[in-house]
Amino acid sequence: MSRKVTKYSAVLAVSLFAAALAGCGSENKEGTVGTGPGGVATVGDTACVQCHSAVVDPLTGESIITQYTRSFHYSKGVGCEGCHGGGAQHNGVGPLPFPLAGQSEAQIAARCASCHNGVIAPLSSSPNFVNGNHANPFGGEEAKENLCSRCHSHEGAIFGAQAGFTGDGNILRNAAYQPVYPQDPETFNVMTCATCHQHGGAQRQVFTQISTAGVPNSRRTVAWDPNRNSINDQYDLCTSCHTVNTMTGTLIGSGNVLQIFTSNAVGSGTKSVTTAPFYHNTRWFRTLPSTHYDFPESKTTASGTTIEGYVIRRNTANPCFDCHGHEFQTNTRRLAGADRPNTIFLDWGQSAHGGKLLQAKVAAAALASSGAAEVDDVMKAGATDATAPGWTHYNWDDTASRGACQRCHTSTGASNFLNNPAGYDRTGAGNSFTHLAGWTSSNKRSDQNELLYCWGCHTKAGTGELRNPGAITEVYPGINSTSTGTTGLDVTVSYPDIKGSNVCMGCHLGREVGDNIKAITDADGILGFVNSHYLTAGGQLFGTTGYEYATRSYANPAFFQHDKIGTAAAPGTGTNGPCAGCHMTTPTSHLFLPVTKDGTGAITAITSTACVTCHAGTFALTPEGLTAEEEEYVASLEALKAALAGKGILFFNAHPYFYRDTNANGIADPGETVSSNAFTNWAGVYGLALWQDVMGAAFNANLLIHDPGGYAHNRFYSKRLIWDSIDFIFDGVLNNDVTAAIDAQVTATRLDSATATAAKAYLGTTRP
């Protein structure tokens, strides 16, 4: 095959999907004569077509002009001369400013990048593609084999797609479906841009073969359309090799019938799910649905659902680009290894945002027998309440019951909020989950759940472009209850603009703040607990979330710098604000962890470069020192819990979090931790005038118990909240008797002496 033609076919096949190309400086396709790129006069597309309409794609035989008219370039008025330069000196034989013949792939990519620079047009993806697995397959010899070449070579992929050699293992293993290649597969090459893109950049069409059951000689070639939307789209193209389901909707897997648990009760409720065999159906990491499908009805034997995989938005224009650009390199077949360089995908799959899904998959594979059984077991493994309750515990896409939660417990809600915080409907009414099985605009619920996917935070995963909500102004809704006669005003907090970290702030600010308690009017101080919610680190960082006692100062000391990380005020710590500056400046950025820990929870290394930049010399951090501070932080919260228990207020880590100590033993007994026994009489501790301060102490405990990094985010704010809460709840007076209050808990056997010692070491002998 002509190498010139291969390059000619590939010229415009680099990342042409995302934005209008008006402004590239090219002549339009209608033939307006002027000066084109390269400074040579243009002649218009009509003149080009006169000669080049006879030039065909060397593999499909289709006219390159026909292909070009299907391209994004054509639809946006970017003519032939927009890429090749003016043709006035060409006339079929003369020079072109930007010819393709004889040009290297690097030269062609550079020409594309003259527009695809990320400003005029989407950034060229050529560098990512060149370094990815498609251009550098694990086994180059696979491209030379007749069957394997279908998905492991440039020519085989195009020939196979045209011949309808596409589908599950039943098709690919059937000799009757295999095409007769017009050339020896030994001559085939690895994939290029033109493998997936026609001349001009349009996506290639893929075909498959179907037949009518029981009807002889009914086999026919039809468009491959597994998402059944009658559109030649990205899902069709990518799944022609990375197959997810058949044309009839059958899930790809081992070919076995899977038994899926559908009940939270042990040993009851299963559903049979038929799978069609993938060609590579004996290794889980070669079968895409093992990580890219969530069984709708699956449950665990405790509570909540199981999320077995990512849910692809099949009917969007670029569902694969929701997470993948042109890098095509995930390295997720196992968690680590010298031959598996780290990737964002490897990080995310082990992160809390990803529900630690990959860890569940790898663990299941390690326990499974080999072959098809491995595929089956890994397909059924997933995130559960044990590892990812924030994603699995409720049916978050059920708008009627969980609409208010969708902003932070679904990617759909998160992306919609970050796109337009001011216009976001906090009831969830504006969120559409039609990509989830069974969810419609009328029933508004599905049994599938989302994790925090790439597109929740990013607009373009391939370039890493983040959504841009701007500085967050959070309106914490007032507490109102007709049943208790409670009324409350909204509390508005304006947070600073911290660039990329604004994205993190969207979900790490809490649902209520301490000032919500102060804004309540209640006649008797008997009402439900005001819940801060979980992981409110952003609010702690800026000192806004806690219940602050009157007469006490909570201002940061002058030397406090954590809220300035990732800004110009803290050179060398990045430019994307404190959240990204601390949690994403590590070799494993999308684990979102600034440290590593061993199996006991002890910190083994501080990996965030921001920590090292600031904490040097006398103030250098060590893993041992940071572990000790974390343990003392936890101990101080145990002391606060004990002090609350001394007043009959028991903490238990389940909503509504505080319960009555009916037997006065200071322990949250099973019969006490039920919703009907929730603690509500806040005025009963120190009288109606002080009910808010009593609830405030409980609020601060709940707030910081659910911020496990509170000792690092803003240790001054955290220490002051804990100190003041213990100080007040002990005797109803702010008199700095915290040491005595902690010792009293030991005397009452609500706290052991070792924990008390650690708590006092953390808080000190005077108010922090």
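Backbone N, Cα and C atoms are what each Cβ position is placed from, and that goes for glycine too.
Per Swiss-Prot, the feature signal peptide maps to 1-23; the stated evidence is sequence analysis.
The N-palmitoyl cysteine annotation in Swiss-Prot covers CYS24 and is backed by similarity to another entry.
Marked as S-diacylglycerol cysteine by Swiss-Prot on the basis of sequence analysis: CYS24.
The heme c 1 binding site feature in Swiss-Prot is assigned to CYS48, CYS51, HIS52; the stated evidence is sequence analysis. A 10 Å cutoff on Cβ-Cβ distances gives HIS52 (heme c 1 binding site) a total of 16 other Cβ atoms nearby, all chains included.
Look at Swiss-Prot and you will find CYS80, CYS83, HIS84 tagged as heme c 2 binding site. There are 26 other Cβ atoms within 10 Å of the Cβ belonging to CYS80 (heme c 2 binding site).
Per Swiss-Prot, heme c 3 binding site is recorded for CYS112, CYS115, HIS116, and the stated evidence type is sequence analysis. In the three-state DSSP scheme, HIS116 (heme c 3 binding site) is classed as coil. Cβ neighbours within 10 Å of HIS116 (heme c 3 binding site), excluding its own Cβ and spanning all shown chains: 23.
The annotation heme c 4 binding site is assigned in Swiss-Prot to CYS148, CYS151, HIS152. Classification of CYS151 (heme c 4 binding site) by DSSP places it within a helix. There are 24 other Cβ atoms within 10 Å of the Cβ belonging to CYS151 (heme c 4 binding site).
Taken from Swiss-Prot, the feature heme c 5 binding site covers CYS193, CYS196, HIS197.
For CYS241 (heme c 6 binding site), the same-chain residues lying six or more positions away in sequence with a CB closer than 8 A to its CB are ARG150, CYS151, ALA157. As annotated by Swiss-Prot, heme c 6 binding site applies to CYS238, CYS241, HIS242, with the evidence given as sequence analysis.
Around CYS323 (heme c 7 binding site), the same-chain residues at least 6 positions away in sequence with a Cβ under 8 Å from its Cβ are TYR310, PHE345, TYR453, CYS454, TRP455, ALA461. The feature heme c 7 binding site is assigned by Swiss-Prot to CYS320, CYS323, HIS324.
In the shown protein chains, 19 other C-beta atoms lie within 10 A of the C-beta of CYS405 (heme c 8 binding site). The secondary structure of CYS405 (heme c 8 binding site), as reduced to three states from DSSP, is helical. The heme c 8 binding site feature in Swiss-Prot is assigned to CYS405, CYS408, HIS409; the stated evidence is sequence analysis.
According to its DSSP assignment, CYS457 (heme c 9 binding site) is helical. In sequence order, ALA414, SER415, LEU418, LEU466, ARG467, VAL503 are the residues of the chain that are 6 or more apart from CYS457 (heme c 9 binding site) and have a CB within less than 8 Å of its CB. Residues or ranges marked as heme c 9 binding site in Swiss-Prot (evidence: sequence analysis): CYS454, CYS457, HIS458.
Under a cutoff of 8 A between CB atoms, and with a sequence separation of 6+ in the same chain, the neighbours of CYS507 (heme c 10 binding site) are ARG407, CYS408, ALA414, LEU535. Taken from Swiss-Prot, the feature heme c 10 binding site covers CYS504, CYS507, HIS508, and the record attributes it to sequence analysis.
The feature heme c 11 binding site is assigned by Swiss-Prot to CYS579, CYS582, HIS583, with sequence analysis given as support. Contacts of CYS582 (heme c 11 binding site) defined by a Cβ separation under 8 A and a same-chain sequence distance of 6+ are given as HIS562, ILE565, GLY566, PRO594, SER608, ALA610, CYS611, in order along the sequence.
Feature annotation from Swiss-Prot assigns heme c 12 binding site to CYS611, CYS614, HIS615; the stated evidence is sequence analysis.
Using a 10 Å radius centred on the Cβ of CYS51 (heme c 1 binding site) and all shown protein chains, the other Cβ atoms total 12. The residues near the heme c 8 site, meaning same-chain residues not in CYS405, CYS408, HIS409 whose C-beta sits within 8 angstroms of the mean position of the site's C-beta atoms, are GLY390, TRP396, ARG402, ALA404, GLN406, ARG407, THR410, GLY413, CYS507, in sequence order. According to DSSP, HIS197 (heme c 5 binding site) is assigned to a strand segment. Considering only the binding-site residues CYS80, CYS83, HIS324, HIS409, HIS458, HIS242 (heme c 6 binding site) has HIS324 as its nearest partner by CA-CA distance. Rounded to a whole number, the C-alpha distance linking HIS583 (heme c 11 binding site) with CYS405 (heme c 8 binding site) is 24 angstrom. Between the alpha carbons (Cα) of HIS84 (heme c 2 binding site) and CYS112 (heme c 3 binding site) lies a span of roughly 10 Å.
Checked against CYS148 (heme c 4 binding site) by C-alpha proximity, the binding-site residues CYS83, CYS320, HIS508 yield CYS320 as the nearest. Other residues of the same chain near the heme c 12 site, with their Cβ within 8 Å of the Cβ centroid of CYS611, CYS614, HIS615, are SER608, ALA610, VAL612, THR613, ALA616, PHE619, ALA620, LEU621.
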